[in-house]
């Protein structure tokens, strides 16, 4: 296995190349391998500074590699300058004459399945490999043929070079410009010109340093997810294996010791290796002769762990684990491996946490600590989920929702879902009841006989004692799933994706369901009171029935609009973000959020109608009756206007929250992009 110390020099040119060895100064015949098509395929390649960790190529092959020099031509390629060299390969910057383009070429012994692995990959954040050829002539007897790979040339250096800038810059001075400065320096050393009018560079320049790290992490997580979806594990994610374009976009390189389940004739132990200090605990165990873990047990979560180490180092300037006392070397002995495993078994310690920059969002801290969980079952299960978490880190509003400050009211109210929901539903309904009682008393009840009034009081007590507890019970029943799952998550329980999906869906529907229950009960009461009075007394005129129904309509509007916004505001701001920390989300969530946003407009219209309904109802009263209810109507109108202003403020905040959440649950959705642009 190979491990690159963090002090390994990072040749600026190597950043541009996708590979680790370059074209030979070799007068041999070049033959294209028949089973390797010349199509353009994306693929990560080895940097010269950390090349093949496979079997030695033999003295004859080493001699042939040594004969490769700048200034010679091999087939269609003129070697212009060296980009780097390693134990098993050399990398050159070359010009492909037929296409008049610059490429990076890597020359190494013909062993392993790197080209076949890379040929499966075509991704924006993985270095693109164009083709391979085999050098047949000029090799010594008994030596391997030389493999000639040519690939995308990237002039922006590597993250290892950027890391040197991080360590040389005080934490308070780090920002997105630091990454661009590192890229520009690498380009200047290669004689490249910095691009102008780049929207990507303009975006990076506005980012804080933690946001820049999240920006890089999102793209590398996508690359790992894409590779994993094609059966490829990288197994050596580290700063020197991440190349940068002229715009600062990262591209994963050096899949030299990767494993692909789709390449015939390979196994997980083929060319198994990596850099010890970036390895996950399970990968270290696979390297340890005294542990039962094997290379075949590794999965994409090992690469996610390595990415977490890389990003932590980039964020703080130091690795999360101090391995200096372990004496970690390229190979490492049993003592070294045991010390490293012991250090990682307890997770990131307090001294490493103290190195986090003051402006590091709580969301980024949580995401990286999850990447670095010793137990791989507690890490992000795949790169796609990790990429969405980085999207959250990059959205200021969304990350404040998902990871509020420790003293935030949102965090304090999360455990109090039942009292908050009962308050949100109970207070508006209680105020509506007061209006209803006053309105009906003045226009209906006060004009009944004493016996009818006594019956009305009895009926009111019976109806309220039945309907109010029934409403509370139904709302709690509808909220049972959300209550159970959120309580379990607070206690550290883990749930499958289907359970979390249902909890998220129920959370976004609970506000609608709760006000539907309240409105239904008002409708039931609107018919129950006049019917019961008609059955118990003949004093209730037909006009009184219409008064009952009219007042119930106003109260029903109050019971729908205000409780909905209070309950939904709490659910969206305090409850739904809990699930984004734990479970996978998708465009389905974006659809739910979008539909809720649309429904909010309808509820806002209902809130605006409350004072209008009250005024409209008065116009149907005889002039003699208006004076009796004018005070109640005035209070309702003024209160309704004030309540509408407050509701509109909540509506705007809720709308912004929903769109922020929609951006992070489905960033690639076209509708989401359009709404974000608006």
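Heads up, the Cβ atoms here are built off N, Cα and C, so glycines get one too.
No curator has checked TrEMBL annotations; they are predicted automatically.
Given the ranges 545-572, 573-600, the record in TrEMBL names 545-572 as transmembrane segment.
Looking at 430-456, 457-483, the stretch flagged in TrEMBL as transmembrane segment turns out to be 457-483.
Looking at 514-533, 654-673, the stretch flagged in TrEMBL as transmembrane segment turns out to be 514-533. A strand conformation is recorded for residue 106 (ATP binding site) in the three-state DSSP classification. Here the Cβ of residue 106 (ATP binding site) has 34 other Cβ atoms within 10 Å, regardless of which shown protein chain they belong to. Between the transmembrane segment (629-651) and the transmembrane segment (514-533) there are fewer than 3 Cβ pairs closer than 8 Å, counting only pairs 6 or more residues apart in sequence, which means the two stretches are not in contact.
Against the transmembrane segment (457-483), the recorded stretches 514-533, 545-572, 603-623 differ in Cβ pairs under 8 Å, and the greatest number is found for 514-533.
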